[in-house]
């Protein structure tokens, strides 16, 4: 039935003509077999693909050249094309050099020089600033310091924009945006004010209906609602007179917002891309952006660094605390923080004065500035000061564990204050992170509402920045003090007290050996690489840790609940859990009635305060209160403390003891860093616990199933051991030895000395190199090694294919490495002596043949790359001068040469 009249184009549905013939360029058949070349080119432009989307066959075009094209391009054409390409490359090189010089040289250098000029504190520095800009002294150091300054200013700018969005979307505090009072001049205000004023009060009024222990919000005490109600009442009494003017200002601001042309902003955002802003598109518009970035840096340095620093400096000098601040080694940071504190106090005082004299615009501006300073200080306290306190407290409580004293810590701080503070801050951050993770784990196990006094980080309504904006300072100060007490008490319970018990019961167990140098015959570098590349990935990549921890917590909770008759309080009752869905629906309906959408007069504040002051957690489950409930809660806390103490004792002793015992078979009586012993012991303990849990899970299935499982796992372990010996033993050893012969030995060992090879160190370095090569291979293009590695990863350990790994991965890699090691050795030791050269020449060849052959291979790769590039240039010159068109190639099923023609350049299809 295939006739010429029935063959139509799959795109335009037209028949072929002598001017526009039909082609069948892919595997597709039927009504979509044929297509016009023009239709296909248009579709390829639209889809931006070079293959058929149905059969995945790549379309092929054959070039059509001018009839007068010579068989070989003339030299002058090649030379002209080469000159043109070189000129284009030079132009791009100059442009990108200018871009790099502007962004990596001018911007950071200008920021650094202006920063130094402002903080020098002399008029002469301002006068000599233009000359200092052109100075080449300390150029690299100033550029690096300037990059840090620019990063800080950009972060400050982004933070300000983000804080503005938080205020716009979350609403400003009630003392900054309060409701307009009712008055008779406008009837709509009489309706708006009571509704807006009751928006947050209804929430607080309905809260006592719930259990008091369940009503506190994240991180707040039960009296939080009373405090907030008092604040709202005081603010309303203080600022009632200014409500009408503020409402008018708000309406004017809303009208201004409506006057913005959103289309113009969208068009500007579309035009300004990263390439255009940075100058990577070839234009010089980026010079304007460089000017604005320099101006922004100067403005932010002046406003956010210079002014607060000098305010704090003058205040400290006036109060006589200058010497104490200088002794802290952080004079600039402390002085700037003091300046911000004084600036916040000044702003809130000026805000109060502006409220009294009814300067409404000034009052709002001062209030917004105070919010910015307040949030900045709270962020510094939450992210900087609190982890630092936790880190130092952890160090102080663990001094006896490392046989250290406060004098040692003082000396280390005096020698390197910045490094010491950073390490303590890092330790504190890790401690806070794992504590928060443990709290999240507890929330998954315990009944909703048990941890009412702690923040719920999983709550979708939880927004710490909004709390920083709305809650007063004394609430944050109270929360900070309580957090310090709680975290400090936990450190005492789980670190200081177990150390005292260990020193009393096992006096020879402590201190831990944490010396940087040891007399062990094993290389520290090898142990570190083994720890980082083998042990830690095996421990951290396991997904069962969270499930095991959750199971332990649940088992402890069930045990404590039945012992103290608190099962209903901790986990809830089963029959009540069945009705939890209805209870949650009722709670949500109750919250929906209370959290009514506020009217315009209240703004966004009432809605946000309804979130901050909402009642108990969503999905609250009632519980049964047994007799002597407070006493049982006290016993529960005591039982929890004892459990944490025992768990801490086990974690501090068992892994280290097991690691020391295992490492003693390897190193003898030599002392090893406790990091390695603890990691080794922890790894062994994890393997033991994992094996025991697996066996316990298999026991209920019967003896035959257990034997079958043991047989399967034994076979899998044998296969894994064989693969580990090949891929984690032989390959890293050969790779490390090759690296030693090619790089290390020629650079470190003179010709008149004999190099010594340590297989253990070579293997450890080979493990590192093998992981790097595997990572680069997986990130690179598709080739046989990447395909094999991806297949091995996809199979996993349980579906390990020993034959496939040995045949496709281990054998080729080991063969290449052995050839790389043996061929140069055979040439140097077997072929060169036959040439009759001297012994010195033989030694030179033997020592330098490995790097020489590496250079030969690299040179051949470079030459091959240059040949390919020249061929591409040749084709490009020929196409530019003589190419007149392209013809679509039909798919030939029998010949199979449908892809023989090279694909056309993209420019020819446009």
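Keep in mind that glycine also has a Cβ here, set from the backbone N, Cα and C atoms.
Residues annotated as Zn(2+) 1 binding site in Swiss-Prot, with sequence analysis given as evidence: 9, 12, 36, 39. Under 8 Å, Cβ to Cβ, and six or more positions away along its own chain, residue 36 (Zn(2+) 1 binding site) finds 9, 11, 12, 14, 16, 20, 21, 22, 23.
What Swiss-Prot lists as Zn(2+) 2 binding site is 26, 28, 52, 55. Secondary structure at residue 52 (Zn(2+) 2 binding site), taken from DSSP and collapsed to helix, strand or coil, is coil. Long-range C-beta contacts of residue 52 (Zn(2+) 2 binding site), restricted to its own chain and to partners at least six residues apart, with a cutoff below 8 Å, comprise 25, 26, 27, 28, 58, 59.
The feature N-acetylmethionine is assigned by Swiss-Prot to 1, with similarity to another entry given as support.
Positions annotated as region 'Disordered' by Swiss-Prot: 185-256.
As annotated by Swiss-Prot, topological domain 'Cytoplasmic' applies to 1-91 (among others), with the evidence given as similarity to another entry.
Packing against the topological domain 'Extracellular' (113-142) from elsewhere in the chain are residues 149, 297-298, 301-302, 305-306, 309: each is 6 or more residues past its ends and has a CB under 8 Å from a CB in it. Summarising the annotation, Swiss-Prot assigns topological domain 'Extracellular' to 113-142 (among others).
If you look up Swiss-Prot, you'll see 164-283 (among others) marked as topological domain 'Cytoplasmic', on the strength of sequence analysis.
When Cβ-Cβ distances below 8 Å are used as the criterion, the topological domain 'Extracellular' (305-336) is approached by residues 115, 118-119, 342-343, 413-414, 417-418, 421 of the same chain, each at least six residues removed from its ends. Residues or ranges marked as topological domain 'Extracellular' in Swiss-Prot: 305-336 (among others).
Here Swiss-Prot flags 358-376 (among others) as topological domain 'Cytoplasmic', drawing on sequence analysis.
For the topological domain 'Extracellular' (398-421), the list of distant contacts is 329-330, 388, 495-496, 499-500, 503, 510-512, 514, 652: same-chain residues at least six beyond its ends, Cβ to Cβ under 8 Å. The topological domain 'Extracellular' feature in Swiss-Prot is assigned to 398-421 (among others).
If you look up Swiss-Prot, you'll see 443-480 (among others) marked as topological domain 'Cytoplasmic'.
Per Swiss-Prot, the feature topological domain 'Extracellular' maps to 502-519 (among others); the stated evidence is sequence analysis.
Among the features that Swiss-Prot reports, topological domain 'Cytoplasmic' is placed at 541-632 (among others).
Summarising the annotation, Swiss-Prot assigns topological domain 'Extracellular' to 654-678 (among others).
Residue counts for the topological domain 'Cytoplasmic' (700-721) under DSSP, helix first, then strand, then coil, are 21 helix, 0 strand, 1 coil. The topological domain 'Cytoplasmic' annotation in Swiss-Prot covers 700-721 (among others) and rests on sequence analysis.
The topological domain 'Extracellular' annotation in Swiss-Prot covers 743-764 (among others).
Within 10 Å of the Cβ of residue 28 (Zn(2+) 2 binding site) there are 18 other Cβ atoms, across all protein chains.
DSSP gives residue 36 (Zn(2+) 1 binding site) a strand state. Ranking the binding-site residues 9, 26, 39 by how many other Cβ atoms lie within 10 angstroms of each Cβ puts 39 at the bottom.
Distance noted between the C-alpha atoms of residue 39 (Zn(2+) 1 binding site) and residue 55 (Zn(2+) 2 binding site) is 18 Å. Report note: the Zn(2+) 1 site is defined by 9, 12, 36, 39, and the residues of the same chain whose CB lies within 8 Å of the CB centroid of those residues, excluding them, are 10, 11, 13, 14, 20, 22, 35, 38, 40. Only residues 6 or more beyond the boundaries of the transmembrane segment (633-653), in the same chain, are considered here, and those with a CB under 8 A from a CB of the stretch are 401, 490, 493-495, 497-499, 501-502, 506, 509, 556, 560, 563-564, 566.
Residues 337, 340-341, 344, 406, 409, 421, 423-429, 431-432, 464, 468, 476, 480, 483-484, 487-488, 491-492, 495-496, 499 of the same chain, all 6+ positions outside the transmembrane segment (377-397), place their C-beta atoms under 8 angstroms from a C-beta of that stretch. By number of Cβ pairs under 8 Å, the transmembrane segment (481-501) is matched best by 422-442 from the list 422-442, 816-836, 849-869.
Within 8 Å of the centroid of the Cβ atoms of 26, 28, 52, 55, where the record puts Zn(2+) 2, the same chain has further Cβ atoms from 25, 27, 32, 54, 56, 57, 891.
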